[in-house]
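Mind having a look at this structure? Questions to follow.
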Amino acid sequence: MSALAMFRALRNRASPVFSSPYLSSHVASIPKFISTLILAEHEDGAIKPSSLSAVAAAGALSEGNSISILLAGAGPSLEEAASHAASIHPLISQVLVANTDKLRYPLAEPWAELVHLVQQKGGYSHIIAASSSFGKNILPRAAALLDKSPITDVTDISGPQLFVRPIYAGNALCTVRYTGGDPCMLTIRSTSFPVPSVSDDSKSNAATISQVDLSTFNEDAVGKSRYVKLTSQDTERPDLGNARIVVTGGRALKSAENFKLIEKLAEKLGAAVGATRAAVDSGFVPNELQVGQTGKIVAPDLYMAFGVSGAIQHLAGIRDSKVIVAVNKDADAPIFQVADYGLVADLFEVLPELLEKLPEKK
Ligand SMILES: Cc1cc2nc3c(=O)[nH]c(=O)nc-3n(C[C@H](O)[C@H](O)[C@H](O)COP(=O)(O)OP(=O)(O)OC[C@H]3O[C@@H](n4cnc5c(N)ncnc54)[C@H](O)[C@@H]3O)c2cc1C
């Protein structure tokens with residue numbers, strides 16, 4: 001099967017490419033009690049949507065899973081985030097708050113130490129974080145402290161110990177059975193676990209909020225890495241990882257100046273801006289906009305690609321997009337083999353025309 005045919009099969013949610021009868025015959029060994037700790041990220045007094053996807057993933061482990069959210073930091077926004085977490089979904093039974101200046105920033109060393117401490121007290125069967133920079137930074141280190149082998153980038157959960165994850169740059173799916181004992185530690189792709197909806201009923205069933213006892217917290221763990229600063233684009237555009245519409249530009253844009261055509265279109269559509277690695281490497285846009293195997297994974301309702309060839313490493317990041325639209329002047333560009341709508345045309349003609357015809361965003 002060619003890489004593109006594989007992409008199409010995976011996009012259509014084919015059953016895992018690698019799954020063995022050996023696996024299914026061992027599914028029976030389910031732990032008696034499932035309890036999950038979610039390592040959650042918060043911002044401006046609210047839980048980030050990627051961490052809510054981790055709650056959705058925990059819900060898929062088993063019915064009756066007891067889910068605790070672990071939050072850390074300092075200051076009033078932490079307390080607000082704790083209240084938000086407690087009321088966001090009925091699946092959450094407990095919110096654990098580690099309130100200390102040592103955890104103000106999401107550094108791997110103190111966070112891993114915290115996870116170790118909380119696991120020793122709570123004895124969770126599973127620990128989950130989203131596959132964001134936060135989760136990818138913290139969970140492997142925490143797993144090393146707990147002497148466990150983490151399973152990363154999970155896209156589907158078939159049982160408490162049976163997980164599906166992509167391999168070979170997303171060209172195949174692999175089913176993995178975990179046999180390492182508690183806790184089973186996972187990072188999940190948030191695009192594969194839609195954010196659970198918030199009902200008003202759940203607000204009246206708020207989860208309990210407890211402070212983590214930090215008297216035995218190893219403060220010596222703090223110090224190997226140092227938080228310098230957070231730099232983020234000052235923009236009102238939606239977050240690339242959660243946007244409903246993504247407009248992406250490739251190398252064909254030729255310059256940062258020309259790339260503004262993509263940004264203007266995104267503005268009119270209320271979309272996030274994405275870029276190929278070639279566009280990032282050429283300096284048109286910052287690295288954080290890269291979509292693909294080594295960039296962000298996106299799953300919008302509409303993905304628009306302008307001057308993007310459709311390299312397999314780029315396609316690895318857009319597999320879960322519902323509708324893909326491509327504009328490329330080469331009719332043989334691989335992107336057309338995965339696009340739902342394709343236009344063989346020069347983007348420097350198409351983009352100005354689109355911008356002229358679309359109304360201004362109110
Ligand atoms: C380990 C590894 C990881 C990688 N990770 C990523 C990743 O995460 N994301 C990623 O994107 N890439 C990644 N790459 C790079 C990837 O292989 C491609 O090189 C890259 O995606 C190509 O970007 P592009 O489509 O913008 O450029 P090109 O491949 O140069 O394609 C440009 C396209 O624009 C078209 N075009 C040119 N002029 C016009 C015009 N005027 N109007 C319309 N169309 C036009 C051309 O026909 C062509 O198809 C990775 C590579 C490696 C080896």
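Each Cβ is built from the backbone N, Cα and C atoms, and glycine gets one as well.
The feature FAD binding site is assigned by TrEMBL to ARG251, 276-277, 290-294, 307-314, ASN328. Here TrEMBL flags 36-221 as domain 'Electron transfer flavoprotein alpha/beta-subunit N-terminal'.
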Counting every protein chain present, what is the number of Cβ atoms, excluding its own, within 10 Å of the Cβ of GLN290 (FAD binding site)?
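Taking every protein chain into account, the count is 23.
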Using a 10 Å radius around each Cβ and all protein chains in view, which of these binding-site residues has the most neighbours: VAL308, ALA311?
VAL308
Just to verify: the residue among ARG251, HIS314 with the fewest other Cβ atoms within 10 Å, which of the binding-site residues is it?
ARG251
Just counting, how many other CB atoms are there within 10 A of the CB of GLN293 (FAD binding site)?
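A count of 19.
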